[in-house]
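Straight from TrEMBL, the features:
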BINDING   A:Thr152, A:Lys178, A:Thr189, A:Glu276, A:Asn400, A:Ser405  substrate binding site
ACT_SITE  A:Thr189  active site, nucleophile
2 protein chains.
Amino acid sequence: MAVNLNVQDDQSLLAVAGVKLMVAEAGIKKADRKDVLVIQLDKGNTVAGVFTQNRFCAAPVQVSKAHLGTGVQIRALVVNTGNANAGTGVAGREHALQVCKALAEELACQPEQVLPFSTGVILEPLPVGKIIQALPARREASWGEAAEAIMTTDTVPKAASRTLSLDGVPVVLTGIAKGAGMIHPNMATMLGFIATDAAITRPLLEQLIKEVADQSFNCISIDGDTSTNDSFMLICSGQSANSLIDSVDHPHYAPFKAVLLDLARELAQAIVRDGEGATKFITVKVEGGRSVAECKDIGYAIARSPLVKTAFFASDPNLGRLLAAIGYAGVADLDVDRLSLYLDDVLVASAGGRHPDYEEADGQRVMQQSEITVRVVLERGSADATVWTCDFSYDYVRINADYRS
Amino acid sequence: MAVNLNVQDDQSLLAVAGVKLMVAEAGIKKADRKDVLVIQLDKGNTVAGVFTQNRFCAAPVQVSKAHLGTGVQIRALVVNTGNANAGTGVAGREHALQVCKALAEELACQPEQVLPFSTGVILEPLPVGKIIQALPARREASWGEAAEAIMTTDTVPKAASRTLSLDGVPVVLTGIAKGAGMIHPNMATMLGFIATDAAITRPLLEQLIKEVADQSFNCISIDGDTSTNDSFMLICSGQSANSLIDSVDHPHYAPFKAVLLDLARELAQAIVRDGEGATKFITVKVEGGRSVAECKDIGYAIARSPLVKTAFFASDPNLGRLLAAIGYAGVADLDVDRLSLYLDDVLVASAGGRHPDYEEADGQRVMQQSEITVRVVLERGSADATVWTCDFSYDYVRINADYRS
């Protein structure tokens, strides 16, 4: 069902020097499927992350934040699917720590040098024994297999690579992501891991990941539900020979950031394309706002409206629903008589009502496409924002009514 | 499909002296169905209303607010279904005024003494000619027929009556409402009209309707979409012999308000029970908050979560989704380790995780009921709030994907 999303073949996914991938089968939810991923890192790396803002943030999120906060050198990330270890209280934090400890013993490092991640059902105890038992049996894997090992309701593994040259020195970036439901920014039920061999200082990396997240993983919504487990991690092995990028003024910062953002957006959009039950990929652009925040508010009001999303599913140009969503987005002094609404190139509404030249056949033509851009021009400032979302189908209900069975 | 909602028979719906109901068939969307309601009022009445906060508020809402604002005596309300006259710009306002003018001529009053209301599809021009043509053919109708005349995707007409005695003087209240989708507070796609023969001053009525709306129609959500047309009107004909209620200290104010609120809640809950595709009626109580606002935020996060709503549809006690919704409700300093979550009488979660005594069979038992109460105890203050919602089924998607066809 994923919208224009193909599995990347392993040839197109580039290894990153200093980053070793391992997978294992722990039988957490189903037997004989890859459900544990270990990302082992050589020394000399820098790692930064951004995490869910859900107050019920999962135990592994709490532990990863604490471990990153110690400032120690990270040696491994361990990810399980099939159980989120969220809504599990003190016991959940102990379980996450036990996983770190077991892996640290194998790798001869400290537990604080391991970052844990989990995704799956909430409110059920983590089967920590199964995970610990499976760790010694882990085997080396490709990025494609790593992407498979973190899937939940995803139908397509999500991975992509980029290369760039910094003053003639080649740099590689490869990332994977998972997520298909409980997707709303700050952040989505989503795990994203991007690794690069570029050398960047940690303070700069921490600033960079926030900026990149805000323009990629924090711009998507499938169902408006912000998850307990969202994490996006940026790993720099530093094994490329590029000159250390240590400030935003470094000549390599801007080109590196551009490629990184492009990759992060591809992965974020892949999550939407594989949104539960999705049949259409919708880009919502809001322009001419007074602030990015108000543009995002309007973008998300459209992106999370069940009425808008079911109209897209039905290919029905019932576009008054878009106006209603714009109207309730919470922009208190919005002058609706000034804004314009476009569906791709079709001007649908202006001056508070339907544009005189608009014909339903034009709206119908665009609604039948699998990729649609909604553009709202507010004419009250120069800020803009883009949000990506998908439609809402019978299959969304089927998938989420059946998820645990 | 409505949940425990029966049609009220005409015997149980009490006439209100000074309030005359008329219906007509204008053929707005379908031929030969009642789609116009006129509520004609004797002189000496007082009328107050609360309206949608959607910035794209519909033309009739703008006109009704303006007419009420003049302070003139209202002589009629005219409601059409089949077209919302929203997203229709200047032409829409002219159409709404034309309807007022046509009815005012029939009733030998001023156009400002008529309040227009519309509900139905957005962004399409109001077929004003059809409505004006139908007005002279209107015929007297019962409250039950009036409730039918304002239905859109409603499957059951919604009406109820109450009586009370104020120092031995009988007072009648009868109300009707419509709405089944695009339902979210401030306010829902919803029209509500309550008439009473009680005598109340207009300033007090204006204060009273806000308080009642906040505890009834502003406590419901079906899909999180706040409509362009919501209006809730309170009509007092003043034809009862009760002593004029002119302040909150008047001895009749409190008993009258209690009965009015009870009626408004029944109508508001009827909208949820008839929510598009609803199979379950869910009451969300949030207690022990620092403010009513934060309790409502948490209640609405639960009520609008597609993941929570599909779990209710599936009778699946996947209750971690409730925790996730509580966590992303935007209460920044919420200590999740202190709160408790109950499903009816079953204590599901406390201390940040599943309660040790919780057994899935207990959750399963409650989830299979058609009426379920979710109770969240925050333990951080003494405020509380209640929100009513329904589940999210295949039929919600079907109804909204098919609505215009």
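Each residue, glycine too, has its Cβ placed from N, Cα and C.
Counting Cβ atoms from all protein chains shown, A:Asn400 (substrate binding site) has 28 others lying within 10 Å of its own Cβ.
The number of other Cβ atoms within 10 Å of the Cβ belonging to A:Glu276 (substrate binding site), over all protein chains shown, comes to 28. Taking 8 Å as the upper bound (exclusive) on CB-CB distance to chain B, the binding-site residues A:Thr152, A:Lys178, A:Glu276, A:Asn400 give A:Asn400 in sequence order. All protein chains included, A:Lys178 (substrate binding site) registers 28 other Cβ atoms within 10 Å of its own Cβ. Following the DSSP three-state reduction, the secondary structure of A:Lys178 (substrate binding site) is strand.
A:Asn400 (substrate binding site) falls within a helix when secondary structure is assigned with DSSP.
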